[in-house]
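Taking it in order: structure first as structure tokens, then the write-up.
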Amino acid sequence: MTDPLHRELLDLAQEAARRAGELLRDGRPADLAVARTKSSPIDVVTEMDIAAEKLITDLISGRRPGDGFLGEEGADTEGTSGIRWVIDPLDGTVNYLYGLPTWAVSIAAEQDGETVVGVVAAPMRGETYHSVRGGGAWATGAWEGERALSCRPAPPLDQALVSTGFNYVAEVRAHQAEVAGRLIPLLRDIRRSGSAAVDLCDVACGRLDGYYERGLNAWDFAAGDLIAREAGALTGGRPGEGPARDLTVAGTPGVFEPLQRLLEDFGAWHD
Ligand code: IPD
Ligand code: CA
Ligand code: CA
């Protein structure tokens, strides 16, 4: 039986992700331009990132005025209810800017600091992934009802398909490329989708064996991390730690452990 509060948070997260996803999909201007940049000249924000975050925070705060927010585009409030929403209104902005289909709306709800609900909507795939803590991982799409997600049985590491991402800061990217260069001969192959939230859900769906990245923020991984874990994946950061800015790692059991060890040996968390 799902806790009624968690059910309410899930329903609200799904509605917000669906409406923001429709806004982004149907409202993308043909002449979409960069509104401003953040950590570097290639770390871009569009008017649509900002509009999607506003839609989500307006909707949720209208229904649950006591909740707090942490959103990539600036939402940052404590709240009084013990619930905080961690939101990436558009994960995969560079893909979106270029008209590539891999981008998502990522919404997580934390209760007393722990993620209890995660929703990732990938509108151009026509798929949405969701989890409530302890309740498994699920997808909805162009089929009847909900499909249970479960990560793949582990192949040997040299047959594992692993995704990663590159930070927007040039020196960090250069170091990430070195680490990827050392890893690639040891794996089946490497992918770079352009959306951390989609990568984590692809581990949950069994479409990837593993994923890692340095430099993520909580809004990038909060929802996808819960969905991956609820699908049976292992997730973490550096050995013994949870996913963090230093390092985020996810993988099917049997791939996660050697991948995390190699990333530690290769110093993936720093340059
Ligand atoms: C980015 C994407 C990308 C990852 C970057 C993130 P954004 O998020 O998740 O895949 O490699 O580290 O910052 O900027 O598109 O929301
Ligand atoms: Ca992001
Ligand atoms: Ca974003």
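Cβ coordinates are placed from backbone N, Cα and C, and glycine is handled just like the others.
What TrEMBL says about this one:
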- GLU72, ASP88, ASP91: Mg(2+) 1 binding site (BINDING)
- LEU90, ASP220: Mg(2+) 2 binding site (BINDING)
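Recorded features from TrEMBL, shown on the structure.
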| residue | record | CB count, 10 Å |
| --- | --- | --- |
| GLU72 | Mg(2+) 1 binding site | 22 |
| ASP88 | Mg(2+) 1 binding site | 33 |
| LEU90 | Mg(2+) 2 binding site | 29 |
| ASP91 | Mg(2+) 1 binding site | 29 |
| ASP220 | Mg(2+) 2 binding site | 25 |
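Comparing ASP220 (Mg(2+) 2 binding site) with GLU72 (Mg(2+) 1 binding site), their Cα atoms are 9 Å apart once rounded. Geometry remark: GLU72 (Mg(2+) 1 binding site) versus LEU90 (Mg(2+) 2 binding site), CA distance 9 Å. Residues ASP49, GLY71, ILE87, PRO89, LEU90, SER106, ALA197, ASN217, TRP219, ASP220 surround the recorded Mg(2+) 1 site, their Cβ atoms falling within 8 Å of the Cβ centroid of GLU72, ASP88, ASP91, which are themselves excluded.
Contact annotation for binding-site residues (GLU72, ASP88, LEU90, ASP91, ASP220) versus ligand 3: GLU72, ASP88, LEU90, ASP91, each with CB under 6 Å from a ligand atom.
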